[in-house]
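Encoded as structure tokens, the structure appears first; notes follow it.
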């Protein structure tokens, strides 16, 4: 039935992995095949075993992990019995891994050109100069502008997107048969993500390599993959053509996942009465920012980076403003100035009629009760030595009316508010999932019942379902306690259901500012339009559909 | 907490060895008079340089003193000197390091330059100078060592604080209304302490070796006070004549003491950090 050229390039057969005797299995009975010139997507939430799967294919399981059952065959030959040296030859040469956070994957003390050349020389005999020229060539192929100069750059001098391109170039050095991309674009701006994935898939198609794309974004699956596998708890729940999966998943869990991803943010309800609030709010806004400026000096130069350049906006009571922009646009700096983590260099901030721009820290401290912030990266913003209970109780010290018992009670209330079980009170941050950590961050910010909260990227790097839950949670809280909020995000689409107003930021300036629906309906700036189009819709593109059709025909012929 | 500790011990045999070795030293300190019938300071010229035998388990030294008795009694003096020195250095050095790491300014730089001065000064010259001023007492040896160790503790803590103070959780704590004091002592210090704890075990070992060195140049304890380093150096002259026991046994005692503190230091480091506490 199957054409001979469709013999599987990689066959995983009933693979099970665990971490030591008696521990629950990280993978149980996973089977799939990957053919040449095929992109297989693997989707699942955090902890579904996606990364363990990718690592077991390379025999790079974290300490304690071992394959207890099953087989991995490459072109029909099992790879499990191979010696360490033979495995080493396999890695990079035939199977290449592209991981998350490219910057961390690169050696910080070597130039990227030297690193690529090193990989080249490991795989084929060539001279130093030749390898360097080839490295520059590769950088050009992955679309890096001015490759000769960039080859001499160190990883910290590159942006996240550029670093990811370098890692892709390295992975492609030895023309591998199989490329494993493990959440390769996590944490990149949506616009960059599309560019990087386009490049990756295009390069693999040129080489005829098989690709395993591991992600939690169904938009990526719909856009780039031929087949998709849905994973949960170490099992594959569904495996099939992407087109058929998008039409109607057979499995209940896959359906929940797809539905959660498909939920389009509903426009803010009751814009009419909201308009009334806005008028009133504009009369006396809770927070008013006038011509804010913040400069950072550039080392070894008299020039400065204008991180915030003449930014003005205001937020009324019960109102939400979304501050949208790509990384480096200065939006996080604005948030940090508002809560006085940074001193601004010009302009003014008025909170509830009080000018807080240059207020001494001691006088400002009581105001912190009313002005809170949820930090971007949930893990690093929590003290690793503190249990959850202490972390949530910390801001409660700002409330002099609460004794130890009252605080204890409030901690329990707050855990409940962010839908976390009380049993987590004694857990430490490293024992929590990213979603739980994020909720702890939110609970901390809400502990004192603030009037104004800055949410810095509240939904990035979270699973689809968790993201939806967090947005729901914030919206409910706003309805319940009527706080105002500033939402800082790079994903314009995610704020549609939350924000009354949107300010689009670029290079430290607000380029577009207005009511959310107006901006969604008629964006006036090209930049805004680009941000709006960056998110991948969960439907197959024309090109993908044609490919699927061609494959179907080839299969039946 | 107790369950965690027991589980930790069952997975880390090194920690058990460390505790056992420490236990041996505690026994030597508490029960020295019952462990030997000899006096550690009584010379017997007739029994000079006798090899290990049933009468003298570890042999005798050049003045005929029983080495076993001296090794046992020396535990008291050696641990007294090193532990007080390290404890004083820890109690002073850690807060100083925290402060100069957190508040960076003219005063902090000045303190750092003073540390540079102390650490660049030859320790034996410093030791002899202090001892000649204050008198040749055990306590003075402790003080000399403490002065030398304070900059070490302050430096490791400062280095940690410098990176920790920029971490987002510190900013988050500030947003939650934490005061400077609370940020320093409740947020940064617990995270900065691990290298200082490791430094304790290194310093105890170093203290024993330096005590020996100071005794050797005559700025430390004097004969016939039983002290391991002094015993090793006094036996060094006979070593080439094949008289190995005079130096070997106090040397082994030093090894045991240093090793036990190194192993316990590792254990304390793991247990103080919730992210490694339960890892095997």
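Positions of Cβ are set from backbone N, Cα and C atoms, glycine also.
Curation does not apply to TrEMBL; its annotations are automatic.
Taken from TrEMBL, the feature transmembrane segment covers B:12-35 (among others).
The feature domain 'ABC transmembrane type-1' is assigned by TrEMBL to B:75-265.
Annotation comment: TrEMBL describes B:79-102 (among others) as transmembrane segment.
Sequence annotations record features per position, and here TrEMBL assigns transmembrane segment to B:114-132 (among others).
Under 8 Å from some Cβ of the transmembrane segment (B:138-157) lie the Cβ atoms of residues 77, 80-82, 84-86, 88-90, 92-94, 96-98, 100-101, 111, 115, 118-119, 123, 126-127, 130-131, 192-193, 195-196, 199, 203, 206-207, 210-211, 214, 219-221, 225, all in the same chain and six or more residues away from its ends. Sequence annotations record features per position, and here TrEMBL assigns transmembrane segment to B:138-157 (among others).
What TrEMBL records for B:196-219 (among others) is transmembrane segment.
The annotation transmembrane segment is assigned in TrEMBL to B:239-264 (among others).
Of the candidate ranges B:79-102, B:114-132, B:196-219, B:239-264, B:239-264 contributes the most Cβ pairs within a distance under 8 Å of the transmembrane segment (B:12-35). Tertiary proximity for the transmembrane segment (B:239-264) is limited to same-chain residues at least six positions away from its ends with a CB under 8 Å from its CB atoms, namely 14-15, 17-19, 21-22, 24-25, 49, 51-52, 58-59, 61-62, 67-68, 70-71, 74-75, 78-79, 82, 200-202, 204-205, 208-209, 212, 228-229, 231-232.
By the Cβ criterion (under 8 Å, sequence separation of 6 or more), the transmembrane segment (B:114-132) is in contact with the transmembrane segment (B:196-219), since 3+ such pairs are found. Non-local neighbours of the transmembrane segment (B:79-102) in the same chain are 25, 29, 108, 111-112, 138-139, 141-143, 145-146, 148-162, 165, 180, 183-185, 188-189, 192-193, 196, 200, 203-204, 207-208, 211, 257; each lies 6+ residues outside the stretch with a CB under 8 Å from one of its CB atoms.
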